[in-house]
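**Q** Pulled these from TrEMBL:
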- 41-151: domain 'PH' (DOMAIN)
- 161-196: domain 'EF-hand' (DOMAIN)
- 197-232: domain 'EF-hand' (DOMAIN)
- H332: active site (ACT_SITE)
- N333, E362, D364, E411: Ca(2+) 3 binding site (BINDING)
- H377: active site (ACT_SITE)
- K460, K462, S532, R559: substrate binding site (BINDING)
- 477-498: region 'Disordered' (REGION)
- 503-618: domain 'PI-PLC Y-box' (DOMAIN)
- 619-747: domain 'C2' (DOMAIN)
- I661, D663, N687: Ca(2+) 4 binding site (BINDING)
- D716, Y717, D718: Ca(2+) 5 binding site (BINDING)
Amino acid sequence: MTVMDGHVSLPWLSREMLYEQSEVTLDFLHHSGIQDDPDIKVLMAGSTLRKVKSRSWKKQRHFRLLEDGLTIWYKSRWAGKAKTPEKNLMTELEMVREGHQSEVLLSIAEEFPAALCFTLVFHGRQGNLDLVAESPEEAQAWIQGVRKLIHRAQTMDEKERLDQWVWDWFQKADKNKDGKMNFKEVRKLLKMMNIEMNEEHAFHLFTMADKSGTGSLEIEQFVHFYKILTQRDEVWKVFQDYSGDGEKLMLEELDNFLRIEQQTGERSAQHAQELIERYEPSETAKKQGAMTLDGFQMYLCSQDGSIFKPEHQGLYQDMSQPLSHYFISSSHNTYLLEDQLRGHSSLEAYIKALKRGCRCVEVDSWDGNDGEPVVYHGHTLTSKILFRDIMSTLKEYAFKASDFPVILSLENHCGVEQQTVMAQHLRQILGDTLLTTLVDGQVPLQLPSPQELRGKILLKAKKIGGLEGCVDETLTDEISDEEEMPNGDPESPPAEDPLAEELSDLVVYCKSVHFHGFEHSRLHAKCYEMSSFSESKAKKLAKESGRDFVQYNTRQLSRIYPSGFRTDSSNYNPQDMWSVGCQIVALNFQTAGLEMDLNDGLFRQNNCCGYVLKPEFMTDGNAQFSPEKPDERQGYRPLRLSIQVISGQQLPKVNQKEGSIVDPLVRVEIYGVPQDQAKDETSHINNNGFNPVWNETLNFVITTPELALVRFVVEDYDKASRNDFIGQFTLPFKCIQAGYRHIHLLSRDGTAIPPSSLFVNISISELS
C-alpha cells in the first residue's frame, strides 16, 4: 500500500474491479417521477417573488429550482455580476407554511392577501424566508412543489444521498457548464472537497476514471472517479478480517462480525439477513445471501451502523412515574431570538424551541398599552410581543414534536387588571389543553406522570393558598426569577403585588414558592410546590449539599435559570444541575454551543419527546446518592470506555477561501459527575478534511455511566490561534453502541452536515 500526499493508493483496486462494482443509479439527476410534475416545472422555469423582511423591506427577487432538484437559487432582479446569487438547499428546509403564518407576513396582511403568501422554514437557527407571489396559482405551485421536494429529500436513502452529494460537487466543479470536467477542473474540485493531493496521483485516478479516453469526465465517469477517491482502506481491512475469499461476506461470516465486533447478541443471524436485504446493492450477492464490500461500507455508514442505539431512539422509557422523576427539556426567556438587552422578541422563538422538543417555556409578562399584557425582557430594549399571541402560538405548536405536557413558566410583573386579562386569554385560547383541575380530583402526595398529563399545558406561577383549599399563606416570600442582576439588586423585590384570583386558580401542580432550605422542604413542602434557583445558587447547593439536593428532587420540581450577568444569552453547563437531579434546567435555546449540544444530546433519546427518566438512584426516596461521592452508592459499577478514532469522511471546510484545507483533530469530552469530567484528543492531520486517518485510541473510566454524556468534537488545528470548530455529535453514554460505528456529525447549530462522519471502534468493559 502506498501513501501519496495524504491519500491512500489501494493495491487491490483495479479498473476492472471498479466497474464490476454496483452500478450507480443516477435517476435522481433526471428527477424520475418528479421532473414532469407541473408544480416542479413552474419552479424550474423560475418566478419573480417578493422577499419580505419587514413591513418596510419588500423586494423582488428571481427564484428558480436548479437542475439538481435540490437547490433553490435566487438573486436580485437587478444584480450585476458583482453580487453572488444566494442559494438554499432542500435538505436545509423543514417545511412550508401557507398564508400569513409568520409575524412578518401578518404585519403586511392588509397589503397582500393570504393566498399570495408563504414561508420557507429552515432547520436549526437559520431565519425563515417570507415570500409573496404574484398570483394565488403561482403561490400554490411553489408551496406544493417545495413540499414535494422536501419530502423527496427526507426520504432519500443513504446511497441516494451520497449520489446527490456527488452530483452537487460535479455541478460546483463544472465551471463552464458543459456537462464535462477536464483535469484542471478536477484539481480545483479536490481543493474544494477539502483534500490536498499529489498532482501525479490525482492524474492517475483521473485517467482510471476516464474510460472513454477523452481527457474529460462526464457525470457517470465522475461518479466512478469519486468511488476510487472514497474507497476506504480502513473499511476494507475490517472486511478482510471476516471474509473467507476477500470478495464477500457470506451470511455466517457477517453473523460472526455482528456477534464478535458489533455485540448484537442472539439475534445476529437474523440481523445479518436483514442487513443484506437492506444494504447490499448487488442482486447477485443478495441471491447468494452475501454482502460485498460496497454493501458492507453502506451498512457501516447507515443508521444501523451509527453510534446511537436504535432501540433508544424511539419512546423506550417508562412514562408513568411522577413528573419529578424526569429531566425536562427547558428554555429560558423563550421569547428572545438574540441577547437579553437589545434582542428581538419573537413568536418564532417559541415555535423553534417547541419544535426542538422543549417542554418548559418562559413568559415574562408586563402591563401593556390598551389593557393588553405584553412579553419582553423588562427594563431593557428588547422588543415586545402580545401575551395573547404567544398563547395562540402555544396552542398551535405545543404538541407538534411531543404530546407530553408543556409547563408554561410565568414571570408575572402585571397589575391585577392585566393579570385577569392573562387568565382570560389562557382559558379562552388554550381551552381544554390548559390543565385547570386535579387529574383525579385528589390532592396528590406525588406529582402526576407525563403519561397522565399528555396533551396538557401546566401553568407555573404564584398561587393563593394550596390545593387543599386553605388560603392563609402569604405571597410575599416568592422571589422574582431575575433576582441575580448585574447591578447586584433584585430586578423586583420579593413580590408584594396582589395576585388576581382568576390567575391563581389556573395554577395546579406547579406553584412557585421561595426555597427555605432542604430541611424545611423535607418537613413542610408539598409535592406541587416548586422553586427557581439562579445558576450560582444551584451550583453552591450542589457542591455543599449534593445528597440533599438529589433527595429534594425526587419529590419536587426545581427550575434553574442562567445568571442575570449573562446579558449575551450565553449558557451555563446543564450537566452540573442534572447531576443533582434538577429537572427544569433552563437554557437560552437561541444560543448555539457546548451547553445546547449537551441539552440536545441528553434529549436525543426517548423519541426526542422532551422527557428523560432519571436513573433509579435519583428517583428512589431512600437512595443516598451524592455526585461528589459516586462510589458510595449501592450498585456502584464503573466502566471503561475505549474509543479507537479510526478516520474521518468528507469534513466540511471551515475557511471557504480557495486552496484552504483543514488540519483536523478529534476530541472526545465526557460530561457527568465531577469525577467523570474528562477530555482527550488525537493528533491533527495536515491538509486533509476529505479522508483523514488517525488510528488513535482514547481511554476513559466512567464512574456513573447513567449520568454521563459523551461529546465528539472535530476541530481545525491552528497553532497560532484558537482551533476552528468543524462538527460535533453528543449522546448519552447509555445510548452508545459498541463496535465499528460511524458518528454522523452536526453543525454548530445542531443540524446534520451529511456526509461528514467519523469512523470509530468502541469497546465498553467493566473495570477490573
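Each position is counted from 1, following the chain as shown.
Keep in mind that glycine also has a Cβ here, set from the backbone N, Cα and C atoms.
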**Q** When the Cα-Cα distance from E362 (Ca(2+) 3 binding site) is computed for each of the binding-site residues K462, R559, D716, which gives the smallest value?
**A** R559
**Q** Have a look at the recorded positions H332, N333, K462, D663, N687 and say which one has the shortest Cα distance to D716 (Ca(2+) 5 binding site).
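**A** It is D663, whose Cα lies nearest.
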**Q** Within 10 Å of each Cβ, count the other Cβ atoms, then let me know which of the binding-site residues N333, S532, N687 comes out lowest.
**A** N687
**Q** Measuring Cα to Cα, tell me the gap between H332 (active site) and I661 (Ca(2+) 4 binding site) in whole angstrom.
**A** 38
**Q** Counting only residues 6+ apart in the same chain, whose Cβ is under 8 Å from the Cβ of D364 (Ca(2+) 3 binding site)?
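**A** The answer is N333, Y335, V375, Y376, H377, G378, E411, H413.
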**Q** Taking only the binding-site residues I661, D663, N687, D718, which one has a CA atom nearest to the CA atom of K462 (substrate binding site)?
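**A** Nearest candidate: D718.
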**Q** Please give the maximum pairwise Cα distance, in Å and rounded to a whole number, for the substrate-binding set K460, K462, S532, R559.
**A** 14
**Q** Which has the fewest other CB atoms in a 10 Å radius around its CB: K460, K462, the listed binding-site residues?
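**A** Fewest other Cβ atoms within 10 Å, among the binding-site residues K460, K462, is found for K462.
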**Q** Within 10 Å of its Cβ, which one of these binding-site residues (E362, D663) has the largest number of other Cβ atoms?
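**A** That would be E362, with the highest Cβ count within 10 Å.
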**Q** Could you check which of the binding-site residues K460, S532, I661, D663, N687 is the closest Cα neighbour of Y717 (Ca(2+) 5 binding site)?
**A** D663
**Q** Just going by other Cβ atoms within 10 Å, which of the binding-site residues E411, D716, D718 has the emptiest spot?
**A** D718
